[in-house]
């Protein structure tokens, strides 16, 4: 970054913001880069600001029982805040004085006051000086308040982040990541720009008092008629605001539903294409979009009328103020024009500035209270340890995940023993206690000496991970003692990759040791992987390391743990994603050799690991089932395998767990009869044993970020799913959400995301930060993609302005959505932005406007209609202006005031009635036309948004994976959330405002030109100057705004990344390091934002300066050239003031339109994406009776029409080459082999060798060359969907979308309930589905969170059975499966797919042993394709991977003697992420 010119700028340069000229010049000439941005002043650095606020907050905490964050903020920022407030007030006072001077100028042209004509020029000078003073006061005040708001935001950002790193795991278990991001984005953005409006709470009352005093002098008591009308108008607008809020609340749920499905579709687009569900997903989303748009139109109409009421209220304010006085006493034109000017200022103050100020204070205080509550939450406490100890000891340790459950448990047992009966509430509490109150660990005892290896094994949910958490201090023991040295290194079960290079991920802030680093790389088998990258270990990993395979991520995480020099190494199932051979090598070289002298605790279920361990600890349901050596285990516990993992016992154990899951489901979900679904409230209910529901409680927490995460229940049946209110003395919202219920009644307009009715309680555990840390990489990496940006407030006052400050107020919400990407370093930051900067020009092109206008053919006619109506309004206005300026002299005898040649004076009752009849008639006409002029435009523009959404959705669904792979999931989702929200809400009214303002300016200029042609000459260069200034500024401002919005990404990415790896951070003690990285990201964003604010102020000040010059010219031209007639002078000066304020507004509005049209450009970019080859067609044909066929009838010229294809499943692959992107490096090269019908083929290869890629190539999801034939039909001769329908797929990443069981199994609704139940029986799903209310109509949400991983795999298996596919592709189907589900899948494969061709990619040897042929892939090519006997006889990868015990199983006749030896101990199963979550780790 460059050194800022601000540091050496003079006072004048700072006052006029001239120091920003270099960046404006550069931005106009070329595209700005991060290196062009200026460094921030030291006073704005996150380090200094956070230290300052943290010091005051600590002082507040130490001095008071009830600390207040606002007191700490006051001590930091109050005096500067008040100084700029006083400047703002003085600037606003000049607005009240200007009409006085205008009235005096008009009065000087009174024929009876010719002696005052000489002072008109001095009055004109005074009027111009007022504008100059106002400019010099207003802009520094606004900028100063912006600056303070920015500093407050930075300080609180840092304070919240530091607190987040200190929160206890129990607190994190109750807070969702969406709530944390919302706390930062939604609430803190209120300070950034809204602070400039806060002072109007006290400025407006003073201003109204001053104005009413001045109007009283003119009109006396009738002045209060206009004020009364304004108050009524404000109340009317408040009513419209509430109506708009009601529609928005109703619409919120529909938007949530649409974005739930859309986000799930985007995350699983590969599965959608593999299943051929494009049409089904498109239909589901479009149906939701239709309902959403109905409510969108209603909200838009109400908002339109709200805005129109302000525009056309000016007529009636003046009318009601002047009419009573005119009818009683008559009135001169000077008072009319002066009153008009006063009323303009008064109207803005009452209906705009004051409501905005009240809203700002309400929002700001609410945000401060939320942050204050968050900052007082319980912190993580490190355990006491002794650095001199060399052993790890745990004595009688018991622990609960639920805070305070240790005491509650003892109390509950005591109460239960004292009395046999209890009331309903107590029995409810105790009945649910087994689920929530059971200790996760109880009476654990072990001791290991230095250098020993302790292997921890056990069934799912036994407490293995919790044991490690307790050693690290994340889980506080309720009783017992833990003893260790405190120097800990940790490897998480789910690989955590931070943004940065591979080297940075491994070193992790520890001092670099070349020898140690190379030793770790070799031991963790990373050398070969690193050598494949051009940048070696300096390659940047983004989006959670998605450029790496799961095995590579796991090895990097292990290398990080091993690289740190510690006394105790905690390894939590580090080998889960590794193939068998790699796992063996790493265990030997890394765990057994490299760390031989270190104390290690390894969570594992592999028999080979147990044999090598010095001590073994087996946990079962939180208790110690066995502790000792392996030989002792065989002697003392020969039944341990069957006890824990035997299928008979496991069936019972699994049934108990399923009951627990069901109990939890029933606790979280309750049935709500046939009551209508209300998306504006989330009800929390108690599900008691009696079946009665607890009292409903409204909770309208608005959390747009969570709506992107997993928004809310997708309700498609009369069932209403609700959370449960758990028994607790503490208020539920305090325990479950850091965003309290204080946001009820907020009106929120979605920006990047959408309105949400708050995090549903049923998913709070799934959405908690603790769950985020225990989420698998494949699922966890999608969380940060879905985080969204800030929403904006829509105050009860409509969106309109007349002054620069009010224009600014309107821009209050023009925030570009926060989009999270992965990078911290400045050089690499641009590589991780969601939106490609190079593809979107800095300024919207004319082609985009033209294309947007022609999307809907009626839009052009609507624009013509608006123009015609406007011309009629101008004609009507000219009638009034002509009459006011040319009122004929009245008969002296009928005069109220006896004057000769008294022009433009209303004298008699007859003439006054005549004038006001015309005025009212014209006003009514204008009101009627104005109200309905824009409705067709708003309606049509929403229709255009509907069309663009449909086209974009269709384009994304039909785009090839090679194109989608180059896009970030968050970027795609932003198009459907942020950009569609802009097209729906902001763009229609902004375009209407701009068109209306532009026409008003044109009309006013025309009127002035008719009255005084010389002024028209001055107007032309001013308009040209405005246009040139706008073009000059727009180039730079849009680029700075883009850089600013992209600069937000690292902030929120860093937050999410830190939370995902929080246990690792704490174990390594790297909190200060990550705080430094967070401050660096904050400073980068601050540099962009501060420069944007400065250049914006430069532009606004230049507009004001041009306006002042123009007004000076108009004033002196009108004073010097106008002869007799005060009417002409009054009209010219009044219109001149209104022209320039309106033109200034129009210029700003045009910038807004250009900024919003960038969303249209991005949508068009997605619409123009290439499509996959072959247009999708219906793959089934109905029978004669109209029922859909259960098999696919091929539509191909090479096959007879009556043939059913595929019939056998024979598959031939010839010279297949696959690439991820067109022109990229081949992932697979020259693959050729043939599979016979009904054959089972296993794919073998190291992690990352291309096994899953080959399965994707079969489905034509990649760029492929070569040929594949199925039953003699080439893939080039049929459509894409017909080809994919030939395959059944069980993918590695299970896809469960939000919808009913029926929809998930049969989205096209081809099968009857009987057929679905039959298949559910075959795959073992019936018992699972029947446990849920509604059975097949039960709505699954949050990726099917109530189902275990195994049940989700069974869902995929059921889909394949229903598809009647002849070729089945299985990609790691048994990964993380329990034995019961695994046996069901094996049985189903043998029965339902007995005559099908099966291609299996699997790490479990026992599953591979059932295959007849094996395809070995190495270095992107086929190395071997033989039967199992040949592979075992040769030296191959398969021979190395298979163990002697597996050979015994495969060929028992070769080793008959060994069959009689001691029974082999089966391997314990790995735990799964879903099951870990269900059992609280």
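Cβ coordinates come from backbone N, Cα and C, glycine included.
As given in Swiss-Prot:
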- 78-98: transmembrane segment (TRANSMEM)
- 99-122: topological domain 'Extracellular' (TOPO_DOM)
- 123-146: transmembrane segment (TRANSMEM)
- 196-216: transmembrane segment (TRANSMEM)
- 217-222: topological domain 'Extracellular' (TOPO_DOM)
- 223-243: transmembrane segment (TRANSMEM)
- 299-319: transmembrane segment (TRANSMEM)
- 320-339: topological domain 'Extracellular' (TOPO_DOM)
- 340-358: transmembrane segment (TRANSMEM)
- 401, 434, 458, 459, 460, 461, 462, 463, 464, 465, 493: ATP 1 binding site (BINDING)
- 423-646: domain 'ABC transporter 1' (DOMAIN)
- 660: phosphoserine (MOD_RES)
- 670: phosphoserine (MOD_RES)
- 686: phosphoserine (MOD_RES)
- 688: ubiquitin cross-link (CROSSLNK)
- 700: phosphoserine (MOD_RES)
- 712: phosphoserine (MOD_RES)
- 717: phosphothreonine (MOD_RES)
- 737: phosphoserine (MOD_RES)
- 768: phosphoserine (MOD_RES)
- 790: phosphoserine (MOD_RES)
- 795: phosphoserine (MOD_RES)
- 813: phosphoserine (MOD_RES)
- 859-879: transmembrane segment (TRANSMEM)
- 859-1155: domain 'ABC transmembrane type-1 2' (DOMAIN)
- 880-918: topological domain 'Extracellular' (TOPO_DOM)
- 919-939: transmembrane segment (TRANSMEM)
- 991-1011: transmembrane segment (TRANSMEM)
- 1014-1034: transmembrane segment (TRANSMEM)
- 1096-1116: transmembrane segment (TRANSMEM)
- 1117-1130: topological domain 'Extracellular' (TOPO_DOM)
- 1131-1151: transmembrane segment (TRANSMEM)
- 1387-1481: region 'Interaction with GORASP2' (REGION)
- 1445: phosphoserine (MOD_RES)
- 1457: phosphoserine (MOD_RES)
Proximity verdict for the transmembrane segment (991-1011) and the transmembrane segment (1131-1151), three or more C-beta pairs under 8 Å: yes
In three-state DSSP terms, the structure that residue 458 (ATP 1 binding site) belongs to: strand
Within-chain partners of the transmembrane segment (78-98) [C-beta distance under 8 Å, separation at least 6 from its ends]: 127, 130-131, 133-134, 137-138, 140-142, 144-145, 148, 195-196, 198-199, 203, 206-207, 210-211, 214, 341-342, 345, 803, 805, 1137
Range from 196-216, 223-243, 1096-1116, 1131-1151 with the greatest count of C-beta pairs under 8 A to the transmembrane segment (123-146): 1096-1116
Tertiary contacts of the transmembrane segment (1096-1116), as residues 6+ beyond its ends and Cβ separation under 8 Å: 16-18, 20-21, 24, 105, 121, 124, 127-128, 131-132, 135, 138-139, 142-143, 804, 807-808, 1015, 1018-1019, 1022, 1025-1026, 1029, 1033, 1037, 1132-1133, 1136-1137, 1140-1141, 1143-1144, 1147-1148
Secondary structure content, the topological domain 'Extracellular' (217-222) (per DSSP, counts of residues): 6 helix, 0 strand, 0 coil
Other CB atoms within 10 A, centred on residue 401 (ATP 1 binding site): 22
For the topological domain 'Extracellular' (217-222), distant same-chain residues with Cβ under 8 A (at least six beyond the ends): 103, 321-325, 335, 338-339, 342
Model confidence over the topological domain 'Extracellular' (217-222), averaged pLDDT: 82
Per-state residue totals over the topological domain 'Extracellular' (320-339) - DSSP helix, strand, coil: 17 helix, 2 strand, 1 coil
